[in-house]
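A.B. asks: Dumping the structure here so I can ask a few things about it.
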Amino acid sequence: MAHCSLFPKSYFLHVVLIMFIFLVATRLYASEPPLTLDYYASTCPTVFDVIRKETECAVLSDPRNAAMIVRLHFHDCFVQGCDASNLLDDTVTLKGEKKAATNIHSLKGFELIDQIKNMVESECPGIVSCADILTIAARDAVILVGGPYWDVPVGRKDSVTANIDLANTNLPTPDESLLSIISKFLYQGLSVTDMVALIGAHTIGMARCQSFRSRIYGDYGFTSVKNPVSESQLSNLRSMCPPIGGGRTDNNISAMDYVTPNLFDNSFYQLLLNGEGLLNSDQEMYSSVFGIQTRELVKKYATDPLDFFRQFSESMVKMGNITNSESFVTGEVRKNCRFVNT
């Protein structure tokens, strides 16, 4: 009698691959980085206040700036650790990460970090790294739009290198499969639980038409609940994002959480339950046949905002602790976040 299985053979191959990646990631990131809460207690005691005030100005001027800062931090940590490598501009001798396919249209807000850095430098010249500034600002940005607080360990150094190839391979993309995205988080030493919680930051995120076109002309109509609100939302999305790309409409943007776009809450997960995730990669966490664990986490965070906040805080600390060990040897505290010191 033939052996029956609920899952295709490829599923088990993916599982084996993910387990291998997890073992590698554990070896890479299991040791605690040399970060502490009081690293600047004597050298720059006002640093947290300065960053908070400048971040507050940025978010009050435009709530969307909160998402930009959080995204900068995420895209930094997934490429050779949280070392501010993605803030570096291209120069004659250095190729930065800003023009990577995963960054060129999605990363904004560099001038916000410049402003914060300038204020920190005027207070404590040459003391606070850009990597720490970005990590602290991401926490403050989340708080300012209604999200949770967490303590930020500090003491990171800024890298003197960038890696555009890693930016293109390490960062998840909007149409990537669930198993592939899980593997990318595991490679960073982050669990599936961390992944589902951290992607919850999309509750304040925006996406370009080019990133969700395949979704709204694909299975959106099949996964979403049939009610006037959902149907109206799909109609609105299609009106601003035509099926044929290549023009200006590629840059039209929409909130990933159209219910409360400027509020950090658990509404994003409720939209996934309704099949209304804007990105394929987001909806996969609930709708994919491989999403056994992720589906339950989405349900939990959709019904328990406090549990989401708790896990998000814990996972942000964990992600912020992904450090570039090389930066502690060859790194520096940049005077200008866009350029290596000369």
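Note that Cβ sites are derived from N, Cα and C of the backbone, with glycine treated the same way.
From TrEMBL, here are the annotated features:
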- His75: active site, proton acceptor (ACT_SITE)
- Asp76, Val79, Gly81, Asp83, Ser85, Glu97: Ca(2+) 1 binding site (BINDING)
- His202: heme b binding site (BINDING)
- Thr203, Asp257, Thr260, Asp265: Ca(2+) 2 binding site (BINDING)
- Cys44-Cys124: disulfide bond (DISULFID)
- Cys77-Cys82: disulfide bond (DISULFID)
- Cys130-Cys337: disulfide bond (DISULFID)
- Cys209-Cys241: disulfide bond (DISULFID)
- 34-341: domain 'Plant heme peroxidase family profile' (DOMAIN)
- Arg71: site 'Transition state stabilizer' (SITE)
- 12-30: transmembrane segment (TRANSMEM)
A.B. asks: Give me the long-range Cβ neighbours of Asp265 (Ca(2+) 2 binding site): same chain, 6+ apart, Cβ under 8 Å, in sequence order.
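C.D. replies: Counting only residues 6 or more apart in sequence, the Cβ neighbours of Asp265 (Ca(2+) 2 binding site) under 8 Å are Gly146, Thr203, Pro305.
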A.B. asks: C-alpha of Asp76 (Ca(2+) 1 binding site) to C-alpha of Cys337 (disulfide bond): distance in Å?
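C.D. replies: Here the two Cα atoms are 13 Å apart.
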A.B. asks: Quick check for the class: what is the C-alpha distance, in angstrom and rounded, between Cys44 (disulfide bond) and Cys130 (disulfide bond)?
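C.D. replies: Their Cα atoms are separated by 14 Å.
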A.B. asks: Pop the Cα-Cα gap between Arg71 (site 'Transition state stabilizer') and Val79 (Ca(2+) 1 binding site) into the table, whole Å please.
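C.D. replies: About 13 Å separates the two Cα atoms.
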A.B. asks: Averaging the per-residue pLDDT over the domain 'Plant heme peroxidase family profile' (34-341), what integer do you get?
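C.D. replies: Averaging the confidence scores along the domain 'Plant heme peroxidase family profile' (34-341) gives 96.
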A.B. asks: Which chain neighbours of the Ca(2+) 1 site, leaving out Asp76, Val79, Gly81, Asp83, Ser85, Glu97, have a Cβ atom within 8 Å of the mean position of the site's Cβ atoms?
C.D. replies: His75, Cys77, Phe78, Gln80, Cys82, Ala84, Asn86, Ser159, Ala162, Asn163, Leu166, Ala167, Asn324
A.B. asks: With every protein chain in view, what's the tally of Cβ atoms within 10 Å of the Cβ of Arg71 (site 'Transition state stabilizer'), excluding that atom itself?
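C.D. replies: Other Cβ atoms within 10 Å of Arg71 (site 'Transition state stabilizer'): 23.
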A.B. asks: Whose Cβ lies within 8 Å of the mean position of the Cβ atoms of Thr203, Asp257, Thr260, Asp265, the Ca(2+) 2 site, other than those residues?
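C.D. replies: Residues close to the Ca(2+) 2 site, other than Thr203, Asp257, Thr260, Asp265: Ile204, Val259, Pro261, Leu263, Phe264, Asn266, Ser267, Phe268.
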A.B. asks: What is the total of other Cβ atoms whose distance to the Cβ of Thr203 (Ca(2+) 2 binding site) is within 10 Å?
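C.D. replies: Taking every protein chain into account, the count is 28.
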A.B. asks: What same-chain residues, at least 6 away in sequence, bring their CB to under 8 Å of the CB of Asp83 (Ca(2+) 1 binding site)?
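C.D. replies: Spatial neighbours, sequence-distant, of Asp83 (Ca(2+) 1 binding site): Asp76, Ala131, Arg156, Lys157, Asp158, Ser159, Thr323, Asn324, Ser327, Gly331.
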A.B. asks: Check the binding-site residues Ser85, Thr260 for other C-beta atoms within 10 angstroms of each C-beta and report the one with the most.
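C.D. replies: Result of the Cβ crowding comparison: Ser85.
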